[in-house]
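I have placed the structure first, in the form of structure tokens, so that the comments after it can refer back to it.
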Amino acid sequence: MHDKILILDFGSQVTQLIARRVREAHVYCEIHPNDVSDDFVREFAPKGVILSGSHASTYEDHQLRAPQAVWDLGVPVLGICYGMQTMAVQLGGKVEWSDHREFGYAEVRAHGRTRLLDGIQDFATPEGHGMLKVWMSHGDKVGEMPPGFALMASTPSCPIAGMADEARGYYAVQFHPEVTHTVQGRKLLERFVLDIAGAKPDWIMRDHIEEAVARIREQVGDEEVILGLSGGVDSSVAAALIHRAIGDQLTCVFVDHGLLRLNEGKMVLDMFEGRLHAKVVHVDASEQFLGHLAGVADPEHKRKIIGREFVEVFQAEAKKLTNAKWLAQGTIYPDVIESGGAKTKKATTIKSHHNVGGLPETLGLKLLEPLRDLFKDEVRELGVALGLPAEMVYRHPFPGPGLGVRILGEVKRDYAELLRRADAIFIEELRGTLATEQDAAAGLCEPSQVGKSWYDLTSQAFAVFLPVKSVGVMGDGRTYDYVAALRAVQTTDFMTAHWAHLPYALLGRASNRIINEVRGINRVVYDVSGKPPATIEWE
């Protein structure tokens, strides 16, 4: 039996990143809502508890509290942001409004020598004080520490940015160690999980496969499962995992909705039928999808339509299976959190995902989502462990709605064809261009990345079709054609992302080829927006 860390979610958009950091330390953890019962906490028997942040205010909301059992267990507890504030209130301290709210980068000074922060710093002041570069996001602050606590960290505008009761193993920080912006955040969380809580680092992907296979078999029994293949990483890994568990009880349905990447259909069929020997049904539903999308410009409406049509196609195929009771999807954690679908239901909705929203209550199939609690990097690791080829596992993510969310506004077949070809050219240039020593010298990549393709050095890259026309000149004639935007980002978790600093020569070749080879596009632009404030996909 694995040691476990219990993460209590108060509704933060980045709670799942806490779980990701804990799992990176090879310790099993689960996220549960903050209002679980005392009996649940005791039966879970965690080695330690982490209290997440929240968009709520501890000062205003007296309902979002940790169960009393958390404080009765006698195990270490780490409070993060709101978690620090509720720890303070529940143990006898005070929280107050902050005159100087902190959102973004901050430098925190460590105080004393606590087990949590001892030896962890980014730099030291001339006076010898250890300093941490962190990410803050709070409007309230702890004004008075509970009895037994000592000051652990501070900033000029937040005098109590960290506190500790070492005797009981209670620690709290006002900043967010789970996000990549906090440089030493991973070390801090590992220190709490491994050293303070004493959890054994024995949870590995091989164990997850065995546990997931057992769960799938127990859930499904002898019933049949239908799964929609999009050609993306998530649905492919989900299919391989379910096929490992139940074999021919799984039927994969590959739906051509007219919004696929270039040669997508052939690649998927060759992979799953030819290499994995899975049952695959190929359905050409492009007329159905494009017909329902005609005249629809709102991105949320488009996503709902695509999700609805997927359900209809799956239901039609399921009726052909005598024992089909389950609809499987490649839903992963970022899909769930961006849809406001965290277990607490408190997170704010950013945009709906067709995997999570759009499924009507009248759906005649039960839902199977074996990847729902995994992050993208964990999904890739799982795919490798399952024996999937690298060209599939490390392919860039592709949204379930396909090119439908990469064509701004109304979706038309002609638009999809232009975008398909432009996207293929961009990806071809990324795959064919290797990072050079000059790129490293210019700061575009690390020296250790020289020789790798720019496709491998970016986390996601694609073209976007803009339904606006611009004037151009080709040969001796005037053109008035559409605009394509290129998007490439680098990220570790897909919750935050930086735009990729690609070499100008690469962008120039991609632009020239698209304009010359894709008749109908005469201008190419590059997206230099990060996430946040922008999302990775344009819609």
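Positions of Cβ are set from backbone N, Cα and C atoms, glycine also.
Taken from Swiss-Prot, the feature domain 'Glutamine amidotransferase type-1' covers 4-202.
Residues or ranges marked as active site, nucleophile in Swiss-Prot: C81. Residues near C81 (active site, nucleophile) in space but far in sequence (CB under 8 A, at least 6 apart, same chain), listed by position: S12, S52, G53, S54, S137, H138, V173, Q174, F175, H176.
The active site annotation in Swiss-Prot covers H176 (among others).
Look at Swiss-Prot and you will find E178 (among others) tagged as active site. Taking Cβ-Cβ distances under 8 Å and a sequence separation of 6 or more, the neighbours of E178 (active site) in its chain are V14, L17, I18, R20, R21, I80, G185, L189.
Taken as a whole, the domain 'GMPS ATP-PPase' (203-395) shows an average pLDDT of 84 in this prediction. Taken from Swiss-Prot, the feature domain 'GMPS ATP-PPase' covers 203-395, and the record attributes it to sequence analysis.
Per Swiss-Prot, the feature ATP binding site maps to S230, G231, G232, V233, D234, S235, S236; the stated evidence is sequence analysis. All protein chains included, D234 (ATP binding site) registers 25 other Cβ atoms within 10 Å of its own Cβ.
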Sorted by sequence, non-S230, G231, G232, V233, D234, S235, S236 residues with Cβ within 8 Å of centre, ATP: L229, V237, A238, G330, P397, F398
